[in-house]
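Lifted from TrEMBL, the feature list:
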- 44-63: transmembrane segment (TRANSMEM)
- 55-271: domain 'G-protein coupled receptors family 1 profile' (DOMAIN)
- 75-100: transmembrane segment (TRANSMEM)
- 120-143: transmembrane segment (TRANSMEM)
- 155-176: transmembrane segment (TRANSMEM)
- 182-207: transmembrane segment (TRANSMEM)
- 219-242: transmembrane segment (TRANSMEM)
- 248-274: transmembrane segment (TRANSMEM)
Amino acid sequence: PATERASPAYWDIQSGGVASNRSWNDHNPNWTDCESSHLGEVPVTLLVCLCGMVGNGAVLWLLGFRIRRNPVTTFVLNLAVADFTFLLSVTIALGIFCVLESLCHKLGSQGVTTTLNVTIFFAFTASVYLLTAFSAVTALSVLPVSRCPCHCSQHFPGLLCALLWALSILFTGILYFHPSAIIAFVLSCLLSVLTLVCSALTLLAMVLCSSRKHPPRKLCAVVLLAAVCFPFFTADFGYWLLLRVFDFSVFVLNVSLPLACANSSIHPFIYFLAGSCANKFTLSGSVALQRVFCDVTE
């Protein structure tokens, strides 16, 4: 059982079914306040998740069936899948919470709670890796002296995305069975944040200082906005994920969860904003995505 793997200093389940953290006893001794203090966050988080699932679902439909595929849309499609999975898992978890009217108890059986926590952890990790790869490849592609692999091979984006999905599964499996390997996950996340920062700075410099006649300004704007929003929305959520590693069998609503859901929900709106505001304004999602992604290779 997950609770047997966890150290006594971390999460355990009391006889009443309430999640507690012994290392937090000095800071938050009364866990019965959890339900009342976080009850107002449930409808807000659910609303953000529903809007995000609609947006990411529209991106999946348009890029998957209505718009011609290219290396850029491959990254965007995979990122939309990861964001949609993350939002759906959070929605299911909060839906069960609302039914059980409990925000600090186990979600039904231990297996249900563990499955939801593992899925949330896996989807969020995949989203971080895919966003990092998308921003890095975009930054490399706009450099005048670079030969980005995504322009040399049509199979490179798909292979890279498959590798990142596999890496996310590997990290989730390792941390589920061996929480002591968390240092590797922390280092990978720090490397992802560093890569996002470097990519954003590179794109900003190219947009402002490049002498090229036709820089992909709409795509650069999309990556810049996504990279800038990421640390603001997910900084505290990483701490919540670290607690999940030591016991996946308990789900506790945290104040950082709505912000993390907003991070996954905002990507489709960034695509639409960048495409609809360019040239002639349009409310068509298909036209907006085509403006952002379809003419990049040209």
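Count begins at 1; order follows the chain as displayed.
Note that Cβ sites are derived from N, Cα and C of the backbone, with glycine treated the same way.
Only residues 6 or more beyond the boundaries of the transmembrane segment (44-63), in the same chain, are considered here, and those with a CB under 8 A from a CB of the stretch are 69, 73, 76-77, 80-81, 83-84, 87-88, 90-91, 94-95, 253, 257-258, 261-262, 264-269, 271-272, 285-286, 289, 293.
Tertiary neighbourhood of the transmembrane segment (120-143): same-chain residues 71-72, 75-76, 78-79, 82-83, 85-86, 89-90, 93, 149-151, 157, 160-161, 164-165, 167-169, 171-172, 175, 185, 188-189, 192, 195-196, 198-200, 202-203, 206, 210, 215-216, 219-220, 223, 226-227, 230, 234, 237, 241, 244-245, 248, 260, 264, selected by CB-CB distance under 8 Å and a gap of 6+ residues from either end. As a quick check, the transmembrane segment (248-274) and the transmembrane segment (75-100) clear the bar of 3 or more Cβ pairs under 8 A, pairs 6 or more apart, so the two touch.
Contact between the transmembrane segment (182-207) and the transmembrane segment (219-242) holds: at least three of their C-beta pairs are under 8 Å, each pair 6 or more apart in sequence.
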